[in-house]
């Protein structure tokens with residue numbers, strides 16, 4: 001408050017140009033990743049589906065790194081390359097037998113994640129460039145880009161949320177209703193790529209948000225995606241803000257990235273999910 005009451009101008013500058021954009025960016029990214037996770041779980045009918053687990057964000061990060069090396073002067077290249085990486089991962093996930101087996105989908109996704117991450121680290125070691133999953137140093141221009149991408153993507157997710165409920169039905173039931181499961185699934189997945197690529201293009205990969213938040217919301221309010229998606233947006237925004245705040249204060253004067261904190265939270269959460277006695281395979285319906 002003293003900064004607004006004639007205090008140190010440097011404090012006001014820090015508040016307006018460092019703290020505010022970081023807070024807003026963390027909340028936007030949390031909402032975007034949580035909604036992307038909920039939409040991917042609906043599209044794949046799999047409660048463990050998440051852009052980070054399935055390799056979508058890793059592919060985006062890898063394409064961004066390649067673009068930084070090959071096309072450093074290309075304006076707006078980060079988001080475009082991030083989208084291309086996400087679409088490439090989506091292409092690999094949706095072809096062949098992966099969709100017919102929830103277990104195979106997760107295994108293929110994890111293999112893709114590890115592959116793209118390995119290549120990213122290889123190039124990072126060679127050229128000194130790597131995405132971090134951190135909000136440190138984020139600017140207003142980056143936050144404004146996130147605001148546009150996040151609001152547009154999350155509105156789209158809310159609009160198509162009834163389709164997420166339809167996908168809980170069998171293909172035969174959908175055919176009797178005259179709707180296409182393929183069209184609905186691909187529309188949801190395009191929203192997933194749009195949201196997750198938006199985050200990757202600015203802060204890199206923040207893992208497990210898309211698993212933790214939608215599954216907590218599903219446990220609290222049930223399986224209606226018209227409720228899960230908007231509540232995931234709110235809980236995700238709150239959780240990532242808390243995570244980023246913890247990362248700033250637990251190892252002062254240094255800090256931990258949001259990606260590290262979310263790995264510490266999300267890894268045990270995933271293990272507990274898989275070890276639950278009433279865990280019914282990988283089905284989300």
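Cβ atoms are placed via backbone N, Cα and C, with glycine included.
Under the heading transmembrane segment, TrEMBL lists 20-40 (among others).
Marked as transmembrane segment by TrEMBL: 52-73 (among others).
Here TrEMBL flags 79-98 (among others) as transmembrane segment. Nonlocal intrachain contacts for the transmembrane segment (79-98), taken as residues 6+ away from its ends with a CB within less than 8 angstroms of a stretch CB, comprise 51, 54-64, 66-67, 71, 104-105, 108-109, 112, 116, 145, 149, 186, 189, 192-194, 196-198, 200-201.
Per TrEMBL, the feature transmembrane segment maps to 105-125 (among others).
Per TrEMBL, the feature transmembrane segment maps to 145-166 (among others).
Sequence annotations record features per position, and here TrEMBL assigns transmembrane segment to 228-250 (among others). Within the chain carrying the transmembrane segment (228-250), a Cβ under 8 angstroms from the stretch's Cβ atoms is held by residues 22-23, 26-35, 37-39, 134-135, 154, 157-158, 161, 164, 206, 209, 212-214, 216-218, 220-221, 256-258, 260-262, 265, all 6 or more beyond its ends.
The transmembrane segment annotation in TrEMBL covers 256-274 (among others). If you look at the transmembrane segment (256-274), the same-chain residues 6 or more away from its ends with a CB under 8 A from one of its CBs are 26, 47-48, 132-136, 203-209, 211-212, 215, 240, 243-244, 246-247, 250.
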